[in-house]
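This report concerns only the one structure given below.
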Amino acid sequence: MTTILKSLPKGEKVGIAFSGGLDTSAALLWMKQKGARCYAYTANLGQPDEADYNEIPRKAQEFGAEKAVLVDCRTQLVHEGIAAIQSGAFHISTGGITYFNTTPLGRAVTGTMLVAAMKEDGVNIWGDGSTFKGNDIERFYRYGLLTNPSLRIYKPWLDQQFIDELGGRAEMSAFMTAQGFAYKMSAEKAYSTDSNLLGATHEAKDLESLDSGIKIVNPIMGVPFWREDCNVKAEKVVVRFEEGQPTALNGQTFTDPVALFLEANAIGGRHGLGMSDQIENRIIEAKSRGIYEAPGMALLHIAYERLVTGIHNEDTIEQYRISGMRLGRLLYQGRWFDSQALMLRETAQRWVARAVTGEVTLELRRGNDYSILNTESPNLTYAPERLSMEKVEDAAFTPADRIGQLTMRNLDIADTRTKLKLYTDTGLLSGSEGSQIFRLENDKG
């Protein structure tokens, strides 16, 4: 059976991921007029730029949907966001500033929960607004078929008839007006924005040019901290984790993880924390550029990693970072629920996150400028007396112990010296004139 439909399946139930914007509104009305039985599904992802979610299903029914459903995805989204923090599932960074994979996390939740809701209504054909050049078309494809193996995909933006009739936003606006809906296009921005409770993505249009920077972006989750007229005061923040779960901010305990994340967003957003400018490789290996916001993710990530480094040993931290980068890439590719991702994620949650209990006190300033003021945990393995430069009683080790430890290093030093001589004899290394320092053959100079 063909999975991807190239033309509208007339007379059949077709579910559309409906945002209420011009694109999906025009698509829904067009599909209805062409003979499809339209069902609209809207994900409440806690988008910071969405004023009234309850209005969206009503609009869908006005445009011809037989049924319009609002699916509350916020709790699941926060659950996945915390799992990503616990497992360090972030592979894109520039100069130590991280992209927190907030859009891939949103797609994992949307793609599974909306298709599950459609399946309950007997809807086995799904359409959404993703284009053929982006990542989302593959992410939604994977998550949709994982959730419903009988699913078929119909995307208006892959249907040549739809493109010919309503190929651009101007045509869509004119179409809606002609049908009596007087749908006006929103003011055209210099970039496009996609957001959820975890973060916001700004990309495309002017941001495709690398000489257009972060300063053209109007943040929706924080403040434009780069502007001189933006007043940002330093703020002390205390973040508490219990067995890997964030539980309290500034002494206030949260039983609702969504409420905690909203507060973390508010705190981090006051400073512009978590904004980054990244060049990344899309799934199809072409590079794209985005400006990202994730104030709450950044705040929790900083505190979590501080506790990780104070609690776990070096080899555990190394595996956490290596596995986290691999897991981040799988998440980005739409494989968050694949077995290889679940294996990496569960390992980190069990053996790394479970030990992370404690409080971290930070001072937030402008943007990603912060200081860590204090770290407390009953599980800390940081013991300053072990390495104190002062004289201490019951020292962990003595000078004689260190002499013995260094003497044992003679074994591998001798082996290394032998290997360096071998490499020199074979021409891989050379010694510079008048020096015993080895150089790689192609480093001569």
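These residue numbers are counts, starting from 1, taken along the chain as shown.
Cβ from N, Cα, C; glycine included.
Marked as ATP binding site by Swiss-Prot on the basis of similarity to another entry: Ala17, Phe18, Ser19, Gly20, Gly21, Leu22, Asp23, Thr24, Ser25, Ala43, Gly129, Thr131, Asp136, Asp194. Cβ environment of Asp23 (ATP binding site): Gly129, Arg169, Met172 lie under 8 Å away, each six or more residues apart in the same chain.
Listed in sequence order, Thr102, Thr103, Thr193, Asp194, Ser195, Gly290, Ile291, Tyr292 are the same-chain residues at least 6 apart in sequence whose CB falls under 8 Å from the CB of Thr201 (L-citrulline binding site). Under the DSSP three-state reduction, Thr201 (L-citrulline binding site) is assigned to strand. Sequence annotations record features per position, and here Swiss-Prot assigns L-citrulline binding site to Tyr99, Asn135, Arg139, Ser192, Thr201, Glu203, Glu280 based on similarity to another entry.
Contacts of Thr131 (L-aspartate binding site) defined by a Cβ separation under 8 A and a same-chain sequence distance of 6+ are given as Ile137, Trp157, in order along the sequence. The L-aspartate binding site annotation in Swiss-Prot covers Thr131, Asn135, Asp136.
In this structure, the CA atom of Glu203 (L-citrulline binding site) is 14 Å away from the CA atom of Asp136 (ATP binding site). You'll find the Cα of Arg139 (L-citrulline binding site) roughly 14 Å from the Cα of Ala17 (ATP binding site).
If you count neighbouring Cβ atoms within 10 Å for each of the binding-site residues Ser19, Ser25, Asn135, Ser192, the highest count belongs to Ser25. Using the Cβ center of Thr131, Asn135, Asp136 for L-aspartate, the list of other same-chain residues with Cβ within 8 Å runs, in sequence order, Ser130, Phe132, Lys133, Gly134, Ile137, Glu138, Arg139, Phe140. For the pair Ser19 (ATP binding site) and Ser192 (L-citrulline binding site), the C-alpha distance works out to 14 angstrom.
The maximal spread of the L-citrulline binding site, taken as the longest Cα to Cα distance among Tyr99, Asn135, Arg139, Ser192, Thr201, Glu203, Glu280, is 19 Å.
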